[in-house]
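Enquirer: From TrEMBL, here are the annotated features:
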type: TRANSMEM; residues: 16-36; note: transmembrane segment
type: TRANSMEM; residues: 57-77; note: transmembrane segment
type: TRANSMEM; residues: 89-110; note: transmembrane segment
type: TRANSMEM; residues: 117-136; note: transmembrane segment
type: TRANSMEM; residues: 142-169; note: transmembrane segment
type: TRANSMEM; residues: 262-279; note: transmembrane segment
Amino acid sequence: MLDKGKNLDWFNSSEIVILAIIAGVGFCYFLVWELTQKNPVIDLTLFAGRNFTGGTIAIAVGYGVFFGNLVLLPQWLQQDLAYPSLNAGLVMAPLGVFAVICSPIVGRILPKSDARVITTVAFLLFALVFYLRSLYTSDVDTWTLVIPTLLQGIPVAMFFIPLSLIILAGLPTDKIAAAAGLSNFARVFCGAIGTSIASTTWNNRAIVHHSQLTEQSTPYTTTFNDFINLSQNVLGIDQQQSYALFNRIVDVQSDTLGLNDIFWVSSLIFLALIPIVWITKPEPGAGHAVAVEA
């Protein structure tokens, strides 16, 4: 359903509706079965603990937003800025630089620090990165693209390990494996949902911006006529080709504005996740204790 939703126009498609009904019924049956069994496959009682619940929500939603944006950016570079796939990959590559450098540092300071503080700093940095990206234009230079990607490696290193420790903090040893598996499933599942939502939202916002831009660009507006005349005179193309060129420019601008909307909302989501992190209350030294138990 998540894979085909965008292509089939979501719930306007009978196939998607049927798949959603099957998924809903299956989930309800699964939930009832899990709650009534003595030895369930998934221990849903883990959600009774605020550390597990708050940490799982934060890591799942945060990863969904992060991964959804990670998928969209190279698509925009190739589709609208005409970047070859290799160059788009090179723009994304610096993400791993600070992630590799900072991960050992985070591992050293975590046992002596509050995991919530480290996670909060990570979410603030994520919010900053997505805010910087929300300012992109269609003529953005490569370094302006690379710098936020480079900076994003820092919160990536400060994101997963502290939240994983918060999730497992205070749990009995015999429940750590189940908690780790369930939280990991939630993270991966939200990654898939985040990708689907981000892709669909980008398409919808691009349509809205395209409509707004074309409303201001008609044969009765001076700007539109000046562009058509200039493109014909300078490029030596006919009227239909000028119209096609103009539409391509509008497409690029609407895609860029739509992506900016997603980046802006993503920044706000990471800020909104910070209070959820502080709902949790891992005990001092939880990082060291969990590491020993694991």
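Using N, Cα and C of the backbone, Cβ positions are placed for all residues, glycine too.
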Enquirer: So which of 16-36, 89-110, 142-169, 262-279 has the most C-beta pairs under 8 Å when paired with the transmembrane segment (117-136)?
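Expert: Against the transmembrane segment (117-136), the leading stretch is 142-169.
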Enquirer: Which range wins on Cβ pairs under 8 Å with the transmembrane segment (142-169): 16-36, 57-77, 89-110, 262-279?
Expert: 89-110
Enquirer: Short question: which residues 6 or more past the ends of the transmembrane segment (262-279) have a Cβ under 8 Å from it?
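Expert: Apart from its flanks, the transmembrane segment (262-279) reaches 50, 54-55, 57-58, 61-62, 65, 68-69, 72, 116, 119-120, 123-124, 126-128, 130-131, 133-134, 136, 163, 166, 198, 201-202, 205.
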Enquirer: Hey, would you say the transmembrane segment (57-77) packs against the transmembrane segment (89-110), going by three or more CB pairs under 8 A that are 6+ residues apart?
Expert: yes
